[in-house]
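Encoded as structure tokens, the structure appears first; notes follow it.
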Amino acid sequence: MAEEPKETGPGFQNPVAGFGVTFKAMFKKRLTEQYPEQQKTTAPRFHGRHQLNRHPDGLEKCVGCELCAWACPADAIYVEGADNTDEERYSPGERYGRVYQINYARCILCGLCIEACPTRALTMTNEFELADSSRANLIYTKEQLLAGLDDNMVDSPHAIYPGMDEQDYYRGLVTEAAPGTERQVAVSKGEKPQDEGVEA
């Protein structure tokens, strides 16, 4: 009959070995970062604040499909889609994201929403300073998330590029706003033709 191995207790050596790691760390140079005075640059593919992208002519890429909201494990994204009209067009397709909100009190910056987006409308920037003392300020709206306008862009809503359709936008055939493109009146947002800076 084989002898059973004797069970050995934790003994005295295990706690000493654990404290040995702590004791060694006491004499190492501390790596203190002087933040925010000295900020390190983030990696190019850093997962920071989200951004809603635009087409080269200024129309929005978001089509209000809500796939990003379904993919979010923290339930931090709220999207409400609406239909485009010829009088008020925000994206080249049939629909656009009328309401878009991201709650950064819940968001874990995992990037699953980016992978789910079929139009590459949603990407992540390198901005990471999102802390705020108010929970309400941590809910970013579409206006806060929407990318800025470049020189060859016209703010939405406006008509699509003449002679182009939705597929041409996604093929990259539209590279700038058509000459003479003017911003349409956003009636859904309460604008009127006589509002300053808005033309009928």
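Positions of Cβ are set from backbone N, Cα and C atoms, glycine also.
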Matching residue for the [4Fe-4S] cluster 1 site, where Swiss-Prot names C62, C65, C68 - out of C110, C117: C117
Where Swiss-Prot places region 'Disordered' among the ranges 81-100, 181-200: 181-200
Fewest Cβ neighbours within 10 Å, where candidates are the binding-site residues C72, C110: C110
Long-range neighbours of the domain '4Fe-4S ferredoxin-type 2' (98-127), counting only residues six or more past its ends (CB under 8 A): 42, 44, 46-53, 60-65, 67-82, 135, 138-142, 145, 170, 188
Minimum Cα separation from C113 ([4Fe-4S] cluster 2 binding site), reported as the residue among binding-site residues C62, C65, C68 that achieves it: C68
Cβ contacts under 8 Å made by the domain '4Fe-4S ferredoxin-type 1' (52-82) with residues that lie 6+ beyond its boundaries: 89-104, 106-108, 110, 112-123, 142, 145-147, 149-150, 152-156, 158, 160-161, 169, 174-178, 181, 188
Candidate binding-site residues C72, C107, C110, pick with smallest Cα gap to C62 ([4Fe-4S] cluster 1 binding site): C72
Cα-Cα distance linking C65 ([4Fe-4S] cluster 1 binding site) and C110 ([4Fe-4S] cluster 2 binding site), given in Å to the nearest integer: 20
